[in-house]
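Participant: Dropping the structure in here first, questions after.
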Amino acid sequence: MAPKFPDCVEELRAAGNESFRNGQYAEASALYGRALRVLQAQGSSDPEEESVLYSNRAACHLKDGNCRDCIKDCTSALALVPFSIKPLLRRASAYEALEKYPMAYVDYKTVLQIDDSVTSALEGINRMTRALMDSLGPEWRLKLPSIPLVPVSAQKRWNSLPSENHKEMAKSKSKETTATKNRVPSAGDVEKAKVLKEEGNELVKKGNHKKAIEKYSESLLCSNLESATYSNRALCYLVLKQYTEAVKDCTEALKLDGKNVKAFYRRAQAHKALKDYKSSFADISNLLQIEPRNGPAQKLRQEVKQNLH
């Protein structure tokens with residue numbers, strides 16, 4: 001005998017959640033579908049509730065490998081509540097499984113506009129960038145569908161959601177980040193990284209620092225073991241007055257090469273711009289231990305010294 005389903009939307013959704021947690025995805029999908037029909041029959045205009053039900057059913061389809069229905073349900077969820085993170089991530093995963101990499105890239109990128117700390121989206125962007133470079137070549141960005149601009153209201157809505165939503169998105173963050181950093185690049189990846197770094201260097205010579213940052217970033221996606229790529233990108237951030245980013249990149253560069261003089265110098269410049277004179281002075285001192293006669297560093301030390309007193 002078929003199980004008797006509850007008739008109220010909240011109970012149906014709760015039962016669906018329970019079935020999903022128990023790995024009964026087909027049953028969960030049926031419960032979410034019934035909840036949707038009940039909600040629509042009531043003529044209730046509750047787009048958020050309806051959107052969540054579509055998104056939950058999409059998660060069931062994804063678990064069962066039914067990517068096309070997952071995409072369909074996510075699209076319905078997003079039509080009701082645009083720029084919702086969960087349906088965007090689920091649709092991106094489904095597109096990726098179907099090897100529709102440009103579409104997956106757009107959805108992952110949209111998530112990062114809403115919250116740039118969502119690890120699964122960062123991981124997804126990295127995978128899609130490599131796949132698109134392989135399949136479409138160096139001009140792959142020109143062949144992408146347009147990426148929607150996320151309104152500030154959508155970002156505010158996400159930030160005002162209960163912290164559980166944020167915790168769920170951040171789950172296993174440190175583990176995944178470590179896995180990415182520890183990934184050993186192949187010989188092909190290293191070669192590709194080198195070519196992209198050189199393209200970045202050429203753009204710097206032409207004064208196009210924004211484009212150069214993109215090239216260095218693509219290079220680091222292929223191989224994040226090159227200290228010079230980080231310190232070169234740091235230079236671009238300095239020119240664009242993005243001092244915090246410059247400090248981060250110099251720190252990464254120095255982790256890979258503790259005697260990278262340019263990284264010490266650029267981090268000292270960034271610290272000085274951020275009025276962190278103590279850290280700036282420490283970086284110059286470390287630099288001068290490696291290169292005691294470095295003229296620009298000696299000059300910068302004098303400038304920083306004046307601000308220390």
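Each residue's number is its place along the chain shown, starting with 1.
The backbone N, Cα and C atoms fix where each Cβ goes, and this holds for glycine too.
What Swiss-Prot records for this protein is below:
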COMPBIAS  164-178  compositional bias 'Basic and acidic residues'
CROSSLNK  Lys197  SUMO2 cross-link
MOD_RES   Ser160  phosphoserine
MOD_RES   Ser186  phosphoserine
REGION    161-189  region 'Disordered'
REPEAT    51-84  repeat 'TPR 2'
REPEAT    86-118  repeat 'TPR 3'
REPEAT    193-226  repeat 'TPR 4'
REPEAT    262-294  repeat 'TPR 6'
Participant: Report, in whole Å, the straight Cα-to-Cα distance of Lys197 (SUMO2 cross-link) from Ser186 (phosphoserine).
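Facilitator: Here the two Cα atoms lie 16 Å apart.
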Participant: For a quick check of packing: other C-beta atoms within 10 Å of the C-beta of Lys197 (SUMO2 cross-link), how many?
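Facilitator: For Lys197 (SUMO2 cross-link), the 10 Å Cβ neighbour count is 23.
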Participant: Can you give the mean pLDDT for the repeat 'TPR 6' (262-294), rounded to a whole number?
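Facilitator: Averaged over the repeat 'TPR 6' (262-294), the predicted model reaches a pLDDT of 95.
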Participant: Please work out the number of neighbouring Cβ atoms within 10 Å of the Cβ of Ser186 (phosphoserine), leaving out its own Cβ.
Facilitator: 11
Participant: Give the residue counts of the repeat 'TPR 6' (262-294) per reduced DSSP state, in the order helix, strand, coil.
Facilitator: 26 helix, 0 strand, 7 coil
